[in-house]
Structure formats: structure tokens, C-alpha cells
């Protein structure tokens, strides 16, 4: 399953020994894109997301801007298959953007291929920095998952997928205390795509200007530091950790070490390095039904 020959497999230099410039470089995904310049890669990603969302809203049965809480921006977009039923698998997506950019309104990449196969897709908005704190984002995402379970109690499984910062937020749901939400979500799978799971390095990069994370904040919100001790809600719930070949060495290290930590616990974890894709293509390609990751997601849901 794993091929370690990719250009970005973990650096032999521990991040704490890197220069400030190198650490910044490692945690700037657009600098590792080989097919386009950094700025163009970001523009292309946004454009593909906007086009996919516009198409999904125009052609799929949907409920848009549904509030899952009372806070500003606490909304989800729900896209349904043609067959009307509440007994569906639900796929929740949390966008990336280093917890400070991105939007549900440009993140419906996977709606067409998944709804075509009978999966409801929920694109989740959360309050990004600098207005929103990371603790609050984690709370929002937790409430969005509880909301879907309460609204669709006859679901055939809830699957959480996050990209980059969104993968971190999805991973935090492995640690969630559902008792205070009055519901235990029917979590059946996690897809953690090019994520960051130990937030300590972020404290020392320019990304922290908006986030304003203290070391304590970073540690409290690092699933890498906590997941080994957590008990799986359901030992059959699958956790897939995915990274792109052209992700940076630090992104590779983060994903590989998180996978290893999951394995040390009782989690049903697997790891995939996807060939010939970068940090952005890995999600852009979810618009395609024959894409490797799209197929992995569908097989996991319908196995």
C-alpha cells in the first residue's frame, strides 16, 4: 500500500533543528507544487472548487446554508442523491486553508461523483481565524457532526473527510466527547487528506500570525499527542491517512507518524501515498469519479 520512494518522504532533519526559513518552507504547501507556480496553484484550486460548487448547486438536490448552530457562519450545505431517503451514508467535508481561509462555498469538489453513487454530501463551514479560535473551530465541527446525526438518525454511516487544516479538524473528532451533545454519531470512517496532526511546528511559522496559537493551544489541539490513549467509539470504524507524493517532507512525516500512532492504539487505520499528485490536486481530483481517492472513498463506504 505504501511507497516511500516519493519525493517528499520525511526529512531526516527533525523540524526543531530546521532553520526558520526551512520550517516556513516545509509548511507552505504551494511551494511544493511542481506543475504550476505557487500563486497559480492556489488560484487554480480555488477556481476548480468554485466551479464544482456552482455546478453542484445548479444540478443536485440540496439544502443550502442550513444552520447547525447559532453562531455566525455555522452553516452546512447538504447535497443529496436522486433517490429520496434519509437512510443514506453521509459524507462530511471540512475544507482546508490553514484554519484562516477557504469556505464551504468553494469546496463541493466531490459532490457529483459521491451523490451519483447514493451518498449524501455535507460541506461544513466553520469560523476561520483571526475571528475564530482553533478551540472554537473544533467545537463547531463537533457540533456539525452531532447535528447531522440528530437530523438524520437513520443514516447508514457518517464519514468524515478533511483536507489539510480540515484533516486536523476531522482527526479531532476521534477524540470528541459526544456525551455533552446528547448523541453518539454513527461514525464509520475517516479520510484524513494531507493533514497536520501535531500543531507545535505551526506555532513557529507565519501561519500563526492569524492563529495566535500558544504552545499550550497547539498541544491541546494536537491529535498526534492524544489519539493513542483515546478509545475508538467503534473499533470497526476505518481511519485512512492520505498524503500526496508532492506534499512536503514535513506533511509526509505528519501523516506517517499519525498513522503509526493510530496503529499503536486500537484504531483500524491505513495509509496511502497517492502518486503524482500535490497538496491541491489530491482534492481537485475528487471531482472525477474514476480518481483513485474517489474510488477508495466509495469502496470504504460500500464495502
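Each Cβ is built from the backbone N, Cα and C atoms, and glycine gets one as well.
Record features (Swiss-Prot):
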- 164: active site, nucleophile (ACT_SITE)
- 247: active site (ACT_SITE)
- 279: active site (ACT_SITE)
- 95-99: motif 'HGGXW' (MOTIF)
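A map of Swiss-Prot features onto the structure.
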residue: 164; record: active site, nucleophile; DSSP class: coil
residue: 247; record: active site; DSSP class: coil
residue: 279; record: active site; DSSP class: coil
* Asked: Roughly how many Å separate the Cα of residue 279 (active site) from that of residue 247 (active site), to the nearest whole number?
  -> 5
* Asked: Where else in the chain does the motif 'HGGXW' (95-99) make close Cβ contacts, counting only residues six or more beyond its ends and a cut-off under 8 Å?
  -> 106-107, 123-124, 128-129, 132, 134, 137, 162-168, 194, 207, 210-211, 283
* **Length of the line joining the Cα atoms of residue 247 (active site) and residue 164 (active site, nucleophile), in Å** => 11
* Can you check which residues sit near residue 164 (active site, nucleophile), meaning Cβ under 8 Å from its Cβ, same chain, 6 or more apart in sequence, and list them in order? => 29, 96, 97, 98, 193, 194, 195, 196, 279
* Structure fact -> A correct count of other C-beta atoms within 10 Å of the C-beta of residue 247 (active site) gives 31
* Structure fact -> Across the motif 'HGGXW' (95-99), DSSP labelling yields 0 helix, 0 strand, 5 coil
* To do: Count the Cβ atoms, other than its own, that fall within 10 Å of the Cβ of residue 279 (active site), considering every protein chain shown.
  => 26
* **Averaged pLDDT score, the motif 'HGGXW' (95-99)** => 98
